[in-house]
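Student: Annotation source TrEMBL lists domain 'Resolvase/invertase-type recombinase catalytic' at 4-140. TrEMBL lists S12 with the feature active site, O-(5'-phospho-DNA)-serine intermediate.
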Amino acid sequence: MDGIQIGYARVSTTDQDLTSQRDALLRMGVLDSNIYVDHGLTGTNRARPGLREALAAVREGDTLVVTKLDRLARSVKDARDIADELTTKGVALSLGGSRYDPTDPVGRLLFNVLAMVAEFERDLISMRTKEGMAVAKAKGRLKGKQPKLSLTQRKLLFEVQDRGEYTQAEVAELFSVSRATVYRELQKRRRAFLSTSEAHIF
């Protein structure tokens, strides 16, 4: 493969850790000195200095490497803008080890499909979360100090986590909470499950 690999990693809150993404990039052959990062910035925000530096660093024949598409962009428009920039420069894109060439029609089609899936999943989670909050508010449940996640959000969080496609850090970003909150919710569910299991035994 011609050119070099430039890596990019991002987390949306300052208390999230980039270690897993950085380690994954290193395993895919990216040199540590060629990894650019953004802390505390969402995927919908294009004003990301680390991303701009990564895009400025790539040259014709190089490959931009990210662990997942949602680390790079969370909307179809944003993904297409980045693809256009990579195409203009003659730069390929690697998503979790799968290489896509934006200059190739098939590669571009697959890239656009992945972008649409990422945007759809984000919008679906947002919609279901808002619906759950609206129902809770209508029933008078949103009074006083509230937990960080509603019952509906917790159910959705467990559903997303159980699919095994996201790390706890990525799940935290999807729900706009800290990784500690996700960990606590998962521990609560585990304790509840163990209590129920013990009750059945006795």
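Keep in mind that glycine also has a Cβ here, set from the backbone N, Cα and C atoms.
A quick note: this is a predicted structure, and the numbers were derived from the prediction, not measured.
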Student: If you average the pLDDT over the domain 'Resolvase/invertase-type recombinase catalytic' (4-140), what number do you get?
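Tutor: A mean pLDDT of 79 is what the predicted model shows over the domain 'Resolvase/invertase-type recombinase catalytic' (4-140).
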Student: So if I draw a 10 Å sphere around the Cβ of S12 (active site, O-(5'-phospho-DNA)-serine intermediate), how many other Cβ atoms end up inside it?
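Tutor: If we count other Cβ atoms within 10 Å of S12 (active site, O-(5'-phospho-DNA)-serine intermediate), we arrive at 21.
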